[in-house]
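Colleague: So TrEMBL says this about it:
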TRANSMEM  B:12-30  transmembrane segment
TRANSMEM  B:37-55  transmembrane segment
TRANSMEM  B:61-84  transmembrane segment
TRANSMEM  B:96-113  transmembrane segment
TRANSMEM  B:139-159  transmembrane segment
TRANSMEM  B:188-211  transmembrane segment
TRANSMEM  B:223-246  transmembrane segment
TRANSMEM  B:258-276  transmembrane segment
Amino acid sequence: MSAAERTQAVDGIRPRRTAGKAVVAVAVLLLLAAAPLVLGAYPVSTMTRILAFAVLVLSVDLLTGVTGLPTLGQAAYFGAGAYTAALVGIHLTSDASVQLLAGLVAGLVTAALTGWVAVRARGVVFLMLTLAIGESVHQVADTWSVVGASNGLAGMPPITLFGGPPLLAAGFVYWWVLAAAVVVFAAVALVVRSPYGRTLRGIRDNEARMRALGYRPALARYGVFCLAGAVAGTGGALWAAHARFVSPGDLGFEVAALALLSVVIGGAGSLWGPCLGAALVLLVRDNLSAAVGGHGPLVLGLVFVAVVFLLPRGVAGLAAGIRRRKEGLS
Amino acid sequence: MVTYLVGALNGLAMGSLLFAIALGLSLVFGMMDVLNLAHGAVYLVGAYVAVALAGDGASPAAFVLAVPAAAGAGAVLGGVLAGLSRATPHHLDQALLTLGVSLVVAELLSVFFGNDVHSVAAPAPVAGSVTVFGESYPVYRLLVIGFGVVLAVGVYALVERSRLGSLIRATVADRGMVSALGVHTGRVLVGVFAAGAGLAAVGGVLAGPILGAAPGLDEKVLLLALVVVVIGGLGSVRGALLGAVLIGQVQALGTTLLPEYASFLVFAAMALVLLLRPAGLLPARTAVHA
C-alpha cells in the first residue's frame with residue numbers, strides 16, 4: 001500500500017466506493033424512515049431509543065475512536081442534555097427543537113466546565129478522570145432536589161413541532177428523533193473528514209509529531225471534548241423527547257459502560273459500526289434481560305469479556321478484514 | 001464546634017477505609033497501567049462476606065473470621081483479574097474486561113443476597129460507645145481509625161523498608177528494567193494485584209458496620225477510590241494515604257454541612273488538586289509515565 005493509498009484508507013475516502021456507499025446509505029435511510037409504516041408501536045419505540053442512544057455512542061466514538069481517548073464519562077453530558085430538555089419541556093415550551101437546542105447547549109457547557117480537568121490526561125488516566133466526572137454528575141443528579149433527586153424528573157408533556165399539535169403517536173416522535181439523529185451523524189461525519197478531524201487522528205496516532213508540526217494537541221483535545229459533550233447532550237434531549245421521563249439511572253455508570261461497549265463492538269473510529277453496536281447492545285440489554293430472568297447485567301458482563309477476546313477490532317474491523325481478503329484474491 | 005470534631009473523627013474513619021481500598025487500585029495502576037474497574041465489586045464481595053458471616057450481631061469470632069475469608073475471596077478475584085488483564089495489552093480492552101467482571105460479580109451478589117440494603121452489626125464487645133468531646137461516639141469507628149494507622153505503618157514498613165517492598169517500588173518505576181535484571185515481574189504483578197484486591201475486600205468487611213452492603217455501593221466506593229488515587233498521585237503509597245485522609249474529611253464535612261452537594265464537593269476537591277498539581281499531591285517519585 002502506498003502512502004497516499006494508506007491516507008485514503010485511514011480517512012475512509014475511497015473514490016471507487018463512494019457511489020456504492022451512497023446507495024447503501026440512502027437505502028438504509030429509506031428503510032429506517034419506512035419503519036413506522038410497517039412496524040407496531042413497541043418496535044418503533046425501541047428503535048427510537050436506539051437512535052437516541054446511538055447519538056450518545058457517536059459522541060463516545062468521537063473521543064475514543066477518532067481521538068484515541070477512552071471515555072466513561074459521556075453519560076454525564078447525555079444526562080445533562082436529557083435533564084435540561086425535560087426541564088425546558090416542563091417549565092417553558094413543548095417545542096422539540098427548542099428542547100434539542102437546550103440539550104445541546106447543556107451538554108456543551110457541562111463538557112466545557114468539566115473537560116479541562118480530563119483533557120490534560122491521556123490513556124487510562126483519561127478514562128479514570130472521565131469516570132470520576134461521570135459518577136460525580138450522576139450522584140449530583142441522584143441527590144439534587146431541583147431535578148427530582150433519586151425519583152427522577154417526570155411529568156414532561158409530549159413534544160410539539162413548530163407550533164403543531166402534540167406528537168402522541170410513537171411514529172411521529174420516531175421520525176423527529178430519526179431526522180435529528182441523521183443531522184447529528186452527518187455533522188459528526190463532516191467533522192471527522194475535515195482537516196480538524198485529520199488533526200485529531202494525528203494526535204491519536206502520534207501526538208509528539210503533531211506538536212512538532214506546530215499543532216496544539218491540548219487545545220484540539222479540549223475542542224473535541226466540548227463537541228462530544230454537545231453531541232451527547234443532543235442525544236440526551238432526544239432520549240427525553242421519547243421517554244418523557246429522566247432518572248439518575250439514565251446517566252449512570254452502566255449507560256457509560258454500554259456506550260463504550262457499543263463503540264468497541266462496532267469498531268472504534270468507524271462511524272457506522274458503533275451505531276450498529278448501539279443497536280445490538282440495547283437489544284441485548286432489553287430483550288435478553290427478560291429472557292434470562294432479569295439478570296441482564298450478568299449476560300452483559302460476559303458479553304464485555306467475550307467482545308475483548310472475540311472481536312478485538314469490532315464489526316467494522318471484521319468487515320474491513322473481509323474486504324481486504326476479497327481484494328487480495330481478485 | 002463539637003459537631004465538627006465528631007465529623008472530623010468520622011472523616012478519619014472513612015479515610016482509614018478508603019486507604020485500605022485505594023491502595024491496591026493505586027499500586028496496580030502504577031505497575032501495570034491497568035485501571036481495575038472491578039475494584040468496587042471486590043469491595044462489595046468483602047461487604048457481603050461480612051453480611052453472610054456476621055450479619056445480625058453474631059459472635060465477635062464470626063466477625064473476626066470474616067476478615068480472612070474476605071481477604072481470601074478478594075485475593076482469588078484479584079488473581080483472576082490480573083490474569084485476564086495480562087491477556088491483552090490494550091487499555092481499552094483491559095477496562096472492558098474488568099468492567100465485565102465487575103458487572104458479573106455485582107449481579108451474582110444481588111442474585112444471592114437480594115436487592116435489599118443489608119446492615120452489619122458491629123461485634124458485641126465494641127458495639128457500644130464512649131464519650132468523646134462530651135458526645136457519645138461509637139467505639140467501633142475509633143477501632144477503624146486505629147486499624148487505618150496500623151495499616152499505614154505496616155504498609156510503609158513493607159513497601160519502604162523491606163526487600164519485597166523495594167522490588168514492588170522498582171516494578172512500579174520501570175518494569176522492563178526489573179525484568180531485565182532477572183526478576184519474574186509477572187509474579188510481582190499478580191501478587192500485588194491479589195494483595196490489593198484482598199485488602200479492598202477486608203475494607204468491605206470493616207466498612208460493613210458503617211456503610212452496610214447494598215447493590216450500587218460498588219460504584220460509589222470505586223468513585224471515591226478513584227478520586228483518592230488521582231488526588232494522591234498514581235502508584236504512590238503515601239499519596240494514597242494523603243488522598244484517603246483528605247477525601248475522608250471532605251466527605252465528612254460535606255455530609256455535615258451540605259448533604260445535597262457532598263458528591264459535588266468530592267469532584268471539586270479533585271478538580272482543585274489537579275489544577276494546582278496535575279500529577280497529584282505525592283506522585284510516585286521514581287515512576288516514569290508518558
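Here the Cβ of each residue, glycine as well, is placed from N, Cα and C on the backbone.
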Colleague: Which stretch from B:12-30, B:188-211, B:223-246 shares the most C-beta pairs under 8 Å with the transmembrane segment (B:139-159)?
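Modeller: Highest pair count goes to B:12-30.
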Colleague: Out of B:37-55, B:61-84, B:96-113, B:223-246, B:258-276, what stretch is closest in contact terms to the transmembrane segment (B:188-211), meaning most Cβ pairs under 8 angstroms?
Modeller: B:61-84
Colleague: Return yes if the transmembrane segment (B:96-113) and the transmembrane segment (B:223-246) have at least 3 CB pairs under 8 Å (sequence gap of 6 or more), otherwise no.
Modeller: no
Colleague: Any residues 6+ beyond the ends of the transmembrane segment (B:223-246) with a Cβ under 8 Å from its own?
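Modeller: Apart from its flanks, the transmembrane segment (B:223-246) reaches 11-12, 15-16, 18-19, 21-23, 25-27, 29-31, 39-40, 43, 152, 155-156, 159-160, 172, 200, 266-267, 269-270, 273-274, 279-285, 287, 289.
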Colleague: Cβ under 8 Å, sequence separation of at least 6 from the ends of the transmembrane segment (B:61-84): give me the contacting residues as numbers and ranges.
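Modeller: For the transmembrane segment (B:61-84), the list is 24, 28, 36, 38, 41-42, 45-46, 49-50, 52-54, 97-98, 101, 105, 122-123, 189-190, 193-202, 204-206.
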Colleague: What residues elsewhere in the chain lie close to the transmembrane segment (B:37-55), defined as a C-beta under 8 angstroms and at least 6 residues from its ends?
Modeller: 21, 24-25, 62-63, 65-66, 69-70, 73-74, 77-78, 81, 95, 98-99, 101-102, 105-106, 109, 112-113, 118, 120-121, 123, 197, 200-205, 207-208, 211-213, 217-223, 225
